[in-house]
Amino acid sequence: MGCEVSKLSALCCVSESGRSNPDVTGLDEEGRGESNDLPQFREFSIETIRNATSGFAAENIVSEHGERAPNVVYKGKLENQRRIAVKRFNRKSWPDSRQFLEEAKAVGQLRNHRMANLLGCCYEDEERLLIAEFMPNETLAKHLFHWESQPMKWAMRLRVALHIAQALEYCTSKGRALYHDLNAYRVLFDDDANPRLSCFGLMKNSRDGKSYSTNLAFTPPEYLRTGRVTPESVIYSFGTLLLDLLSGKHIPPSHALDLIRDRNIQMLMDSGLEGQFSSDDGTELIRLASRCLQYEPRERPNPKSLVSAMIPLQKDLEIASHQLLGVPNSATTTALSPLGEACLRSDLTAIHEIIEKLGYKDDEGATTELSFQMWTDQMQDTLVFKKKGDSAFRHKDFAKAIECYSQFIEVGTMGSPTVHARQSLCYLMNDMPREALNNAMQAQVISPAWHIASYLQAVALSALGQENEAHTALKDGAMLESKRNPL
């Protein structure tokens, strides 16, 4: 039982050797490619989203300003292992749930490979949540303004501009020409490091809220006059995005236009791009940015013409986006630890040995022996259940361990991810994969960044015959472990 090679192992081998290179450019019909592999828009329960985000845990916040942001974005994972991004609006936003649902449904009909698409929403009680595809390779702002090893390459910057222009052209063709507060934080990079436009900007932050949250120096002049966003305002914001790509800085449009008028182009261009582009290409992109930033809205180009202007400028089309951006390819398998290898093989005997040796090192201090000894009589009784479960686990009496750990969990005085992980393995040993999956998911709720929870989910999913989901969970576990124990 413990040493058989699992279907998950076979699947992982195929994914490494049999995956074809992804389409790098996607220059098909101006980026109108529909994403047909996504589920239809749906309404989620608050319980589902709480479970997916580990109770809106701080560790799962991915928005730039963390908990201080007016509308916080969390990462999460559904039961089917699909990774999601959850935008949680301020409680005073969208007081009318019907209006919120109507807007979300309209945006949720869009499906395009140039966008991080909206999968659903939740409007239970006072909550207003948007649920979208999760993009794991961060934002344009991170890669452009806060890079660590090298500045973003010219070819990648051009690819960003094209993909976002294609996304805007698609939205316009579907009757959603308004995009609120387009900026470098709205551009995300998917598993393959291809740039995508966040769907969140297609809805305002509240029913009657502002369309722009950035510094007023970057807002379209007509918005300052009227307070209304128009399709032409979106083009102006695209122009500010082009300035970001040209300069590597978030430079006010008025200052950039002064530099352009004075022909002081060197002051505008990012010095890290030296030698990567011709003067003609640089001039053409500056000219396009200037057109987008025209004071009169009617003088600005439309999205279709932006796409037409960007296509001839593309460089290094044969190089995949992950190489240009300098991030690992989604098809690349992270080197697995002994525990990861054991989970890949569904080698339950090896998993048991590793988890037994680990003990409770990964639990928070509240679950240590010292803490238990300081607690009340009820908690002392709880400790007895845990100790009996640990003894049964050590001696491989897995049915007894399940019974004792269940008593510990039912008391509910505290959450121990290790207890849930151990019980999950006990269920696997007793050929109860559904129960094992539930325990592994509960361990992740308590400790969202714990790799062992993802690994055990992978083993349980494989036992349930859900091989694709198991592969995803295994990759997630390997990624979390590599972050926890960097080389």
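Keep in mind that glycine also has a Cβ here, set from the backbone N, Cα and C atoms.
The N-myristoyl glycine annotation in Swiss-Prot covers G2. Positions annotated as phosphoserine by Swiss-Prot, on the basis of experimental evidence: S20, S213. The annotation domain 'Protein kinase' is assigned in Swiss-Prot to 59-325. Swiss-Prot lists 65-73, K87, 133-135, 185-186, N205 with the feature ATP binding site. Annotation source Swiss-Prot lists active site, proton acceptor at D181, citing sequence analysis.
Feature map: Swiss-Prot annotations on the structure.
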residue : record                       : CB count, 10 Å
H65     : ATP binding site             : 10
A69     : ATP binding site             : 15
N71     : ATP binding site             : 17
V73     : ATP binding site             : 20
E133    : ATP binding site             : 21
M135    : ATP binding site             : 22
D181    : active site, proton acceptor : 20
R186    : ATP binding site             : 23
On the 0 to 100 pLDDT scale, where does the domain 'Protein kinase' (59-325) sit on average?
92
Coarse DSSP state, helix versus strand versus coil, of R186 (ATP binding site)
helix
Measure from the CA atom of D181 (active site, proton acceptor) to the CA atom of E133 (ATP binding site) and give the result in Å, rounded to a whole number.
20
